[in-house]
Amino acid sequence: MIPALTNLTRPMPFLADVEESFWFPKQASSFASEVDWVYDFILYICIAFFVPMMAFMVWTVFKYTKKKGTKAESQVTHNTPLELAWSIGPSVLLVWMFVQGSISYLDMRTPPEGSYDVGVQAFKWGWTMDYGGGTFHPELHIVKDEPTKLSMRSTDVIHSLFIPAFRAKKDIVPGRYNYMWFKPTVASEQVSEEELAKAKKQSEGGDGWDYDKYQFTPDGYTFFDLYCTEYCGTNHSEMQTVVVVHETQEELDAWIKANSSRPDDQTPAEWGQLLYNRRGCSGCHSNDGSKLVGPSFKDLYASEHALASGDSVVVDDNYVRESIIDPKAKVVAGYQPVMPSYKGQLSDDDIESIIAYLKSLSSNADAK
Amino acid sequence: MSTAITSRDPGYPTDRENYLTNSSGILSWIFTLDHKRIGLMYLVGVMTSFAVGGLLALGIRLHLLDPEGWMFTGAEANNIYNQVFTLHGAIMVFLFIIPSIPAALGNFLVPVMLGAKDVAFPRLNLSSFYLWCFGAIFFVSALFSSGLDTGWTFYTPYSTTTDTSVILATLGAFILGFSSIFTGLNFIVTINTMRPPGMTWFKMPLFLWATYATSIIQVLATPVLGITLLLLIAERTMHVGIFDPEFNGDPVTYQHFFWFYSHPAVYIMILPAFGIISELISVHSHKHIFGYRFIAYSSIAIALLGFLVWGHHMFTSGMSSLTTIIFSALTFTVSVPSAIKVFNWLATMYKGSISLTTPMCYAISFIFLFTIGGLTGLFLGTLATDLHLHDTYFVVAHFHYVMVGGTLIAFLGGVFHWWPKMVGKLYNETHGRIASLLVFLGFNLTFLPQFVLGSRGMPRRYATYDPEFAFLHQMSTYGALLLGCGLLYAFIVLMTSLAKGRRSPANPWGGATLEWACTSPPPYYNFERPPVVGDPYDFHNIEWDAQEEKYISTEPERKLVPEETPEEVPAHH
């Protein structure tokens, strides 16, 4: 059965949230009202042209549809003043669109001095935000009313970072840094403890957190969507993450601290699993044996693999470590050397945790 | 018609004269040099490509019926989806839209409208058709080898690293480029040198102006595409280091190269459509086209300005602010000539004598859809709003309104308008009009929701999407199904006419351009001698013959001898 038929009966989803307009998602940055205003104004101009033109056309069709063979009332061939008027007249409006568009654009291009800087690394198919001090996380966490600058780079192909609620977008081109900035104006809300606990319980044992289903992060914040908008291959449509806007810098600092390294109450294997989901490993390496871009992690540890160079290698601690720091050194036969290096991005404890996680996934005797 | 005025009607061709029947056998088609037969073969070719591209489009829409993907399932679902949208784009652009009007209709019409016997270089013309076939074979073989998943734009470094058949497909596009250059070259020479005595530039039908402007772009821009694709192949095979950052190349350079061709190519697609609409509106309103010179000049203006605006495809790519702003300004200039044409068409209909024939229905829906397509371009030319709308469904909707609502609708209008001339049969008008209405409704239902999807933040080229976009995507899919039915209906109407259609008179619509002055279908030699050339939009002497249901040209009684003898006899007499 076609699934959509059942959905048609429910109310138009985009009218459910009163804060959203017909055309746009919520306005959550200082750019949003500016962009929406320019958009609305162009829309009114277009309607002011389109409606009379089409009304005129329809009226003409009704009025002048004649029996075959009737001669036209007029055979006028041209009217230069009239034609010049409708050629040059509307140009004034085009000039306004150009000027207003460019002024707003320059604002959006120039980050203010002293903006809060977050590093963004885009890869097939995920995001890693660099908060400094060795803290990396796929979610973008920023502070309300604080101008934020993103310094973005890509390790493989072109990506593009788009936050609809901020009306901000910029391509991320490999081989260079691209920058963008925005000032969020609406803070994320925190859901109640019970709701969060319920959702956490529900998602246990599944494959990761379902943002779309719960509409809040595993930390209990509501979020804004962040999309990749430059086609980048197989899982382009899954290259999404979320933006969480904190009320205060203190709140953000606390969140960063909580995510900077393995908490004391977590085993290395648990932390390794978290890193596996969080740092993009899961995009290319499955944990259930299915073949993706890279070899599956299931039963990988302590197994023997043929390399592209013709040698073979037993997957041990040192091989895993080398493959994370210098992935192109020993590529398993049958796979492309496409993995980016994680050198300097994972602490020793992180790498050990990933090794522990790999061990937990392996049924090879030596892994125990 | 019993009247003292003499009337001109070429009658019907004999089987020996008819270009379709004057020789027979498959070889008489394969080796034909007759521009009309080549045009017809192109028509079959582009329609087949359109059918394939259209089915792929339905695949895309059906997949997007559900946020998690409905049509393609399993581990390879996303890859299949990516290949389907890539081939949809590549086939529609390179195999359908670019050759549709210029190569299929243009080949048939240009010499006939000029009163000439053929194009300037008939052999070059045939070779361009075979190049098109070879290019198509390359595309199909890419499809059947390892697929193609780069998008029709082949952006680097994705296209230099993916392990799908990029080289096969780019070679295909390279060959198709030559086909396009040959056609353009042929038309430029034909229009420059083969106009009949009396047909000055400003007595040419506007379709020829549009074709001429298109040909200029084809000849000047397409070589850049060829160079770009060769460089892409060199980068992929030899790592020459021009586009791939891994070898010190710059991916944005590729985008500049690519859009330097592909933006003018947008005008290769839409300019001939403008030409068709100018003909259709004037003929079916039985009124002189309004502002001939403005329409003619605006075609040339678009062709030239079209070369200067490629940067607007790259507003978010990280060009310098100054470059970006300059491209924004240039982009707005190109919107003016398009607007001029729309105003002129509306003025042509005013006080005309409109016949709501099938071609006219398409022309009216063209004006409606193209105006939306043009106006929504303003949101994308404006920098502030483009940053939000870039690479979203808003862009998808915008260019489909221009390419489908514009070019495809004009192409259909043109096919229905010249069908009686091409095959000598009339189709059923009622069914033709119903089909055009279905196409119009289906098209709007498909693409109007996509504007809202885009402004609400739905990125393009997504195989799966967030559930909040589901409703609009579903509307779009149902629209696409309706559009598909409408197009199939239109096709059936045409095919039925071949079997059951009434024989077409020479001038079924009352046109004044030269193609209506020869029989339907034209004899293989088109015209015995260069025809009398008048104003192509002067309908004064075209009369409806109700008895035989056809239009005839009348010639007013001419006084060849003065009635009175002058009193004085000249001296030299």
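Backbone N, Cα and C atoms are what each Cβ position is placed from, and that goes for glycine too.
Lifted from TrEMBL, the feature list:
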- B:29-534: domain 'Cytochrome oxidase subunit I profile' (DOMAIN)
- B:40-64: transmembrane segment (TRANSMEM)
- B:84-109: transmembrane segment (TRANSMEM)
- B:129-146: transmembrane segment (TRANSMEM)
- B:166-194: transmembrane segment (TRANSMEM)
- B:206-234: transmembrane segment (TRANSMEM)
- B:254-277: transmembrane segment (TRANSMEM)
- B:289-310: transmembrane segment (TRANSMEM)
- B:322-347: transmembrane segment (TRANSMEM)
- B:359-379: transmembrane segment (TRANSMEM)
- B:399-419: transmembrane segment (TRANSMEM)
- B:431-451: transmembrane segment (TRANSMEM)
- B:471-494: transmembrane segment (TRANSMEM)
- B:553-562: compositional bias 'Basic and acidic residues' (COMPBIAS)
- B:553-573: region 'Disordered' (REGION)
So which residues does the transmembrane segment (B:471-494) touch in its own chain, when a touch means Cβ under 8 Å and the partner is 6 or more beyond its ends? 47, 54, 57-58, 61-62, 64-65, 67, 412, 415-416, 419, 427-428, 431-432, 434-447, 449-450, 452-453, 456, 458, 465
What stretch in B:129-146, B:254-277, B:322-347 has the biggest tally of Cβ pairs under 8 Å against the transmembrane segment (B:289-310)? B:322-347
Same chain, outside the transmembrane segment (B:431-451) by at least 6, Cβ under 8 Å from its Cβ: which residues? 61, 356-358, 361-362, 365, 368-369, 376, 393-394, 396-398, 400-401, 404-405, 409, 412, 416, 472-473, 475-487, 489-490, 493, 496
The recorded stretch from B:40-64, B:84-109, B:129-146, B:254-277 sharing the largest number of CB pairs under 8 A with the transmembrane segment (B:359-379) is B:254-277
So what's near the transmembrane segment (B:399-419) in sequence-distant terms, Cβ-Cβ under 8 Å and 6+ beyond its ends? 43, 92, 97, 100-101, 105, 108-109, 266, 269-270, 272-274, 276-277, 279-280, 283, 357-359, 361-363, 365-366, 368-370, 372-374, 376-377, 425, 427, 432, 436, 439, 443, 446-447, 450, 490, 494, 497, 509, 515
What is the pLDDT of the domain 'Cytochrome oxidase subunit I profile' (B:29-534) when averaged and given as a whole number? 93
At a C-beta cut-off of under 8 Å, are there same-chain residues at least 6 beyond the transmembrane segment (B:129-146) that contact it? List them, or none. 38, 41-42, 45, 49, 87, 90-91, 94-95, 99, 103, 163-165, 168-169, 171-176, 178-179, 182
